[in-house]
Amino acid sequence: MSFNTLIDWNSCSPEQQRALLTRPAISASDSITRTVSDILYNVKTRGDDALREYSAKFDKTEVTALRVTPEEIAAAGARLSDELKQAMAAAVKNIETFHSAQTLPPVDVETQPGVRCQQVTRPVASVGLYIPGGSAPLFSTVLMLATPARIAGCQKVVLCSPPPIADEILYAAQLCGVQEIFNVGGAQAIAALAFGSESVPKVDKIFGPGNAFVTEAKRQVSQRLDGAAIDMPAGPSEVLVIADSGATPDFVASDLLSQAEHGPDSQVILLTPDADIARKVAEAVERQLAELPRAGTARQALSASRLIVTKDLAQCVAISNQYGPEHLIIQTRNARDLVDAITSAGSVFLGDWSPESAGDYASGTNHVLPTYGYTATCSSLGLADFQKRMTVQELSKAGFSALASTIETLAAAERLTAHKNAVTLRVNALKEQA
């Protein structure tokens, strides 16, 4: 199905409607699973030697020193333009502002007289950031991960990226307070962060995107007692746009294409009650596509994408909630009026002047978002992902005495005698003191 094919949602059967919202399969092949398992074993048992061998094999790079030196980082920064450095600083300022505002106030309440309950927040002690390499270095992801890690107060923040690491990534890491940077990529980097090596420290939690091998490595280490926690499940990028008759077709097309150029497995969907707008957007997509350097990639993504015509905006919202997109762009008049009805989306962009690119880079929100329908249960990355909550309770003698019979009754009902005894012994001790 080509992207210029308009689909009337209400002419489709329920089965056809479900098929229209089905995402491409992303399950790892048995081959990838086995390869990753072998990599994890080798890195865990052989440490730095295995990391160097994998760099030579997969990255075609002979790595002597795994850790990037301060001199190398300074030299990388010197090679960048002032314009780019200023743009990074501006983005970081907005990211800091938004994520600092997410700081949770402590909870301190007396649930009944003499029973004090608190909730306090502590940072995850050590985190590892994985940043992919390639022709287009994702230095913006460094800003999105390292900034909240710093605000949260994580004691150790380390970064791994395939060698040779781009100057932009090195400078962004320094700008955001990353303490150590390592020339390690792929599944072997995830293994090093999860298990540690002679050079790479073991961390408590791993963040960052990657290819199928990196994704599978994160999955495997997250399920091991000796591994590490991960940020969230990963899948191909996606955007859904809701547009009305007042939308600008060129704007809508540019937003769809900015997602499609991410990769051939990206998915884009347009929902509109106006068939004329849908046709104009399709025409604008073709015009803009011809000028894109990554047109081939975008065209592959568009082959699995949809132009859907609905009866009204309310139906657009209902379909969007059913799909649960990573990015939701609402290019309608009075776009904010629809926000309260949105129940599942990673990040929402309102109006003509809020392109996805703003959130990807510099508005301040985080661009690490749940994909593949995980918006139904997962949130966009934020300060809380670099923190953990801990509860504290303190009962006075009077508070304990007032609550004792309740606890004893509940423990007895669950037939947990030791639980009941822990209370009864104290009750008897208080009676003896009286």
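Just so you know, glycine gets a Cβ as well, placed from its N, Cα and C.
Taken from Swiss-Prot, the feature NAD(+) binding site covers TYR130, GLN188, ASN211. Less than 8 angstroms from the CB of GLN188 (NAD(+) binding site) sit ILE39, VAL43, ALA50, LEU51, TYR54, SER55, PHE58, each of them six or more residues away in the same chain.
In the shown protein chains, 9 other C-beta atoms lie within 10 A of the C-beta of GLU414 (substrate binding site). According to Swiss-Prot, the feature substrate binding site maps to SER237, GLN259, HIS262, HIS327, ASP360, GLU414, HIS419, an assignment based on sequence analysis.
The Cβ neighbour count for HIS419 (substrate binding site), using a 10 Å radius and every protein chain shown, is 15. The Zn(2+) binding site annotation in Swiss-Prot covers GLN259, HIS262, ASP360, HIS419 and rests on sequence analysis.
Cβ-based neighbour count (10 Å, all protein chains) for GLU326 (active site, proton acceptor) stands at 26. Taken from Swiss-Prot, the feature active site, proton acceptor covers GLU326 (among others), and the record attributes it to sequence analysis.
DSSP gives HIS327 (substrate binding site) a strand state. Other Cβ atoms within 10 Å of the Cβ of HIS327 (substrate binding site), summed over all protein chains shown, number 24. Per Swiss-Prot, active site, proton acceptor is recorded for HIS327 (among others), and the stated evidence type is sequence analysis.
Here GLN259 (substrate binding site) is positioned 21 angstrom away from TYR130 (NAD(+) binding site), judged by their C-alpha atoms. Look at TYR130 (NAD(+) binding site): DSSP puts it in a strand. With respect to GLU326 (active site, proton acceptor), the closest of these binding-site residues in Cα terms is SER237, chosen from SER237, HIS262, ASP360, GLU414. Around the Cβ of GLN259 (substrate binding site), the same chain contributes SER237, GLU238, VAL239, SER266, GLN267, VAL268, ALA301, HIS327, GLU356, each under 8 angstroms and 6 or more positions distant in sequence.
The distance from the Cα of GLU414 (substrate binding site) to the Cα of ASN211 (NAD(+) binding site) comes to 48 Å.
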